[in-house]
Amino acid sequence: MAAPGRPSPLAERLRGAWQHRGALALALWPLSLLYGVLTALRRALYRTGLLRSERLPVPVIVVGNVIAGGAGKTPVTLAVVRHLQARGWRPGVISRGYGRATADCREVLPASSAAEVGDEPLLIARASGAPVFVARRRAQAGRALLAAHPATNILVCDDGLQHLALARDLEVCVFNDEGAGNGWLLPAGPLREPWPRAVDLVLHAGSPPGGGAPQFALSRELAAHAVNASGQHLPLEQLQGEPLHALAAIARPHDFFAMLHARGLQPESEEALPDHYDFSSWKRPPDKRLRLICTEKDAVKLWPAHPDALAVPLALRIPPAFFDTLDARLASLSSSGH
């Protein structure tokens, strides 16, 4: 089991290898060559029309990444949806619904469970109020959403840069602070596909990853408050010195713990769990003094059994120029008659 608040030793070693072209990465490089051939072949099949991409009747924005692991794309999706709403658009969100126990196409409602629809789509639905549908085939989710909510005039796809079966009008690629790593494809590097590649906008938490698309720096920090299951806010400063058990089932749990520390909180214990962890069998620490504090994504799964858990929202700082560029691209789509 991983040390509290840290990834497993194997995950740490692989992640370290992805940042450098060392011995482990070199040993895995032949597999990356094979992966690259398969990736290129798949793209060629779509480019030549042997495999078809389905185009939906409204503009589609895909927010995703080209690296394995967490890049923070879902918070960006939520920020894009809120921006579109503020600009008068009526957005809907489609997603695969990774980690859910179901396999059908279905709507994500505020009362849905994460087991039915996935933790990230449920978080988006509750936080934005936008209609959300999940399906393995994103185009199917889009068709179902537009049929159920015909006023929707734009779709945002949470993840799916590599899901070429869905035609898209704009692509937003998100990078965490590790960027493109050593620049190699899986498994010798973190890349799901070669980078740079053509996208419309890039958001990066670290150094600019290169490529020809407009690039914008983003920063992440925790909000200054926690939220309980009833939606009540509690200033984090009131939790300083209190006995806390912090837990995170995200791709990079140590980032959450570090951000808690930056807000002045020092949990007595920290528990790192796999991304999209199913909390149905999770055992609460026996120490009754400890208050649970977690991410928003984990809270949608924890609250049914542990309504006293506190969730700390993530606050993104995205430059206004990013949204200005997004608006300009959407305006050009409208003028071209999409």
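A Cβ is built for glycine as well, from the same backbone N, Cα and C atoms used for every other residue.
Marked as ATP binding site by Swiss-Prot: I67, A68, G69, G70, A71, G72, K73, T74. Cβ neighbours of G70 (ATP binding site) (same chain, under 8 Å, six or more residues apart in sequence): N176, I250, A251, R252, D275. In the three-state DSSP reading, G70 (ATP binding site) counts as coil.
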Quick check: which same-chain residues outside I67, A68, G69, G70, A71, G72, K73, T74 lie with their CB within 8 A of the centre of the ATP site CB atoms?
N65, V174, N176, A251
Which of these binding-site residues has the least crowded Cβ, counting other Cβ atoms within 10 Å: G69, G72?
G69
